[in-house]
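**Student:** Pasting a structure here, questions to come.
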Amino acid sequence: MNATELIATNLTDFINMSSDEHDDHDHTDTNIAKAVTMVILFIISMGSGLIPLLLARFFNWSDPNRDPRTNLIVSSLLSFGGGALLCTTFLHLLPEIEENILELQNENLLPKWEFSITNLLMGIGFFIIYLVEELVHRYLRKHQKKQLHAQDAFIRGLSARDSLKNATLRHERENKESKNGIITVSTADLIDNEHIDHSHQHSCHQHQHSHQHDHHNHSHIPAIDGDDLIVSSIRGLLIVLALSVHELFEGLAVGLEHEPQNVWYMFGSVSAHKVVIAFCIGVELMVHKTQSWLMIVYIFIYAIVSPLGIGIGIWISNGTGSDSFIIASVILQGLASGTLLYVIFFEILSKNKEGIWQYVAVVVGYFLMFGFKFIAGHSHSHSHEIVDNEIDDHDHDH
């Protein structure tokens, strides 16, 4: 090997080494960017979701004697959240599911059917939450009947004891009357009647006091407010879980990016609508009087799933992921869309009737989310190219 060839070989090795070092440097920068976005996304989502709780305490929205204008504000916020979820479901979630399913079908990871798998999954998710709510209501109604029967038995027991006590007193008076002859029959009857009336009033007053005391301590099952609290808590959990599946996939798209600038670009588009939806979830939970600690837990679950998705995206991009996870994510997204559909139409829009103001709030929420979707449209189309390429790369590795 002459000197020229030796120099050329060394130069090539130097260039390759520099390229590898540059790739490692870019990979490190990308991972740092992803880690930072995980922390920021969690903080802003958690903060946005807890804002309605702070507003409720500041304006005393839980006071039953609050200003009617406050009721209008709360209902409008809930309708605003319904409009935002409506746009998220039809213009954001469903198109993404359809696109991902088509990609999986093209890769022969899902079967090709003549009907839309997206609509099938949405219908299944709809009926799942429908069944869950019916089962919960059925359990509560059965539990309520048992408590009512127990209450009736308690009342009958009081009446029986009062009757036995009155009969015993009457018998004792008759014995005294026969021995002493002092008390006349009419007077004895009057005393008995007065005692019976007094005893009956005392018994009723005692039972009424017991009922009020039980109700005050929320131990009286027929109080419907407690049952509604259970139903609203379960419904809130279902809303959070449904949206969390989608946000997990959003975080996955961020985690699959290969360039730092693309990571930040995707972060902007994801965080823009995630913050709004977190606020809407907080409003929904607050309006349905979810307990504060439970509300914090729900918001925490929603806030943590996107950073978790970013971490899973990093895991997949390093070649340790699997196609089965991607398939499961798409299927869960489809089921989640049906869950949101039920919540929007049957639990938000149908139960809040505030006239034209409700309509305005729904429209504002819808088109605000549409604006975020329109602005972030380019970044989402770019992210799907990355996800598709990741599926292709994973298939080639196999």
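Note that Cβ sites are derived from N, Cα and C of the backbone, with glycine treated the same way.
TrEMBL does not curate its annotations; it predicts them automatically.
Grabbed the feature section from TrEMBL, which reads as follows:
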type: TRANSMEM; residues: 35-59; note: transmembrane segment
type: TRANSMEM; residues: 71-93; note: transmembrane segment
type: TRANSMEM; residues: 113-132; note: transmembrane segment
type: REGION; residues: 199-218; note: region 'Disordered'
type: COMPBIAS; residues: 201-218; note: compositional bias 'Basic residues'
type: TRANSMEM; residues: 295-318; note: transmembrane segment
type: TRANSMEM; residues: 324-344; note: transmembrane segment
type: TRANSMEM; residues: 356-376; note: transmembrane segment
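Tell me what's around each of these sites.
**Tutor:** Counting same-chain residues at least six beyond the ends of the transmembrane segment (35-59), those with a Cβ under 8 angstroms from any Cβ of the stretch are 70, 77, 251, 254, 263-264, 267, 270-271, 274-276, 278-279, 281-283, 285-286, 292, 295-296, 299-300, 302-304, 306-307, 310-311.
Residues 72, 75-77, 79-88, 91-92, 268-270, 272-273, 276, 280, 349 of the same chain sit 6 or more residues outside the transmembrane segment (356-376) yet have a Cβ under 8 Å from a Cβ within it.
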**Student:** Where else in the chain does the transmembrane segment (324-344) make close Cβ contacts, counting only residues six or more beyond its ends and a cut-off under 8 Å?
**Tutor:** 82, 85-86, 88-89, 93-94, 96-97, 100-101, 104, 109-110, 117-118, 120-130, 235, 238-239, 241-243, 245-246, 248-249, 252, 312, 316, 391
**Student:** Residues sitting near the transmembrane segment (71-93): Cβ under 8 Å, six or more positions beyond its termini, same chain?
**Tutor:** 52, 61, 246, 273, 276-277, 279-281, 283-284, 286-287, 333, 336-337, 340-341, 343-344, 348-349, 352, 354, 357-358, 360-370, 373
